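Here is what Swiss-Prot says about this protein:
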- 8-31: compositional bias 'Polar residues' (COMPBIAS)
- 620-637: compositional bias 'Polar residues' (COMPBIAS)
- 1-224: region 'Enoyl-CoA hydratase' (REGION)
- 1-31: region 'Disordered' (REGION)
- 340-774: region '3-hydroxyacyl-CoA dehydrogenase' (REGION)
- 617-641: region 'Disordered' (REGION)
- Glu152: site 'Important for catalytic activity' (SITE)
- Glu174: site 'Important for catalytic activity' (SITE)
Amino acid sequence: MSKENIVTRENTAVSENAVSEPTVNNDVGASATNSVTHPAFTLNVRPDNIGIITIDVVGDKVNTLKAEFADQIATILQQAHALPKLQGLVIVSGKPDSFIAGADITMIAACRTAHDARVLAQKGQSILAQIAAFPVPVVAAIHGACLGGGLELALACHSRICSLDDKTVLGLPEVQLGLLPGSGGTQRLPRLVGVSKALDMILTGKQIRPRQALKMGLVDDVVPRDILLDVAIQRAKAGWLNRRALPWQERLLSGPLGKALLFRIVRKKTLAKTRGHYPAAERIIDVVRKGLDQGGPSGYEAEARAFGELAMSPQSAALRSLFFATTSLKKETGSAATARAIHRVGVLGGGLMGGGIANVTATRAGLPVRIKDINPQGINQALKYTWDALGKRVRSKRMRPTEQQRQMMLISGSTDYRGFERVDIVVEAVFEDLSLKQQMVADIERFGAAHTIFASNTSSLPISQIAALAQRPEQVIGLHYFSPVDKMPLVEVIPHEKTSEETIATTVALARKQGKTAIVVADRAGFYVNRILAPYINEAARCLLDGEPIESVDNALVDFGFPVGPMMLLDEVGIDVATKIMPILVEQLGPRFAAPPSFDVILKDGRKGRKNGRGFYLYSNPTKNSSPTKNGNSPAKRNSFKWRKNKVKPVDASIYTLLGVTPKAHLGAGVITQRCTMLMLNEAVRCLDESIIRNPRDGDIGAVFGIGFPPFLGGPFRYLDSLGADKVVQALRLLVQQYGERFEPCQRLVTMAEQQQQFYPVDANIDEVTDVAS
């Protein structure tokens, strides 16, 4: 055993007051619904005097920590403490692929005040303090997800051993819900791995893989899964060992000067990223520093207080609403029918989108994929997409080369339709050309199986027109991905009037296997995401034509909470691609979607954005990849999270001369934001009224995951409820007077304002709202 892989007994400053003792039966399994007769925590003592505490919440696929489990843990520890010959404890999970996925955040629903939530955190701190102060070594044997409260429990143990397995990840993701770790995580983690690494983990919510966890000192050993328990038992038998020293860099940063510099830099970078919209990030910094500066008692007290206050914040409520919305959506099939089994998938087109779709199908769904492209180079490009993605995992030691080869063997390609007779669903990702897509439908009906579904990745063409000449129109559907496919979580599933229920259910099932969140939307121009994005983009362009500088427009919307400004978005998407959908929207939905004349002038000047190095901003190295149009891309599709990392680019000032505009900031950020976002909100309500989306929940998910609507606002409909329909109607009518009829509030919004209605039930907890009437 390496001297660096050690066990340490932690001194804790948290109160160790015992909690009440329930009657428990330690000889039976656990149950989330009946914790008295079926405890989630059981203790078995081996002949060698090592106690094994098993966590198994019966009835749940994964373990989550619930408030009622506190009494069970206290009882287990008291029973173990009473064993005079006990040499150590090992905590393991009874689930096959999960340690503890986190705390059950529905507990927050029972908290009506910040004080209630603070008490909840203090209870968690007290229980974990008992583990930390236990008189014999306690070792966590971790396999599978060890997140949130699960990692906080592991941190309270004296040693952590984890399995070398892709399913094993460790992290503190509470910040993603507008919270901070409330059971000691902000205090124990910095002392274990160093303040710099701890802040990075807690502020980002990132998940750490086993080898990385070992390197940073988060775990003491990484072993194959089949010997995990044996190694943990031996570690417990080894007794108390000295704690491994922190690396010199972390020791330097823990000193007065290093610490002051580190926190100053971290706070500056955090505010630059969050723009002040995510108070949890700032509270995390404060709480971690307080614990380091003033010691454990002050740190734990600050952690509990901050947890309580954040739990009651509107930002956390909005983020938790999104969490529960996506969780409920994942349980739905999108149809009353049963999905057909999917064994093989076909992809038409080997471009950016086709390659991405093949990638997630093979690597996430684990399904064989057959790619068809007219050019062998297209097939090679698609194969390279997945090879490169898997190669990154191999280089970071998150995957073995043999596994890379195995997953690559799931993807094959051809310039003809050989192999498509065995395919269950085909995803088409070719040019946005109606006649071409109709020909693809005919080809699949000829060369595919009788049951093969044809799913088009179109971003603008009506699915009914794509299916117009089909012999089996009930098996034609839209499946709209967003780029980059392996990063963007949303897909729109678009049935037309003849699409069968089985086709809908099967398509949703495929999307879910690919790791996607799927919303079912109606077959009308722009579907949902691009339809609400179009007026937002148009209005930003009008602000530019009014003389507002490009950077002022973009900064206003980024400050509001979007990941990237609308002008930068146009450059990233491709100005030609972004404007292509506008005529279709105007034709089907009316003149309010008419693009400002500036787009025609810009396109005639040869400006397409980043891809050809000419757009609203200057680019020294334009990207060499092909036009997004070729791959079925759309304005929302290029809304990659990587934009957050882009450095500020200089504006191409020549565009002002081209447009005949003299730039001068005069509107103000509030005016710009209101003009752009009010149109988006109004259009979202129209989509709900026209049944483009099934309910407000789907509309919120689509906007946040599809175009980056500020998550801390919860989505357009949560945001509308927070503003009040009457205030929104009032604002829109004022904008009508100032800028024209395009701001006319839709009738549903007017009616809701008159009747003082909301989109979500007023008295319902966000945890309880899984669906709402449209």
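Glycine too: its Cβ is placed from the backbone N, Cα and C atoms.
The two recorded residues, Glu174 (site 'Important for catalytic activity') and Glu152 (site 'Important for catalytic activity'), have Cα atoms 11 Å apart. Sequence-distant neighbours of Glu152 (site 'Important for catalytic activity') (same chain, 6+ residues apart, CB-CB distance under 8 A): Gly124, Leu128, Leu172, Pro181, Ser183, Gly184, Gly185, Arg188. Other C-beta atoms found within 10 angstroms of the C-beta of Glu174 (site 'Important for catalytic activity') number 27, with every protein chain shown included.
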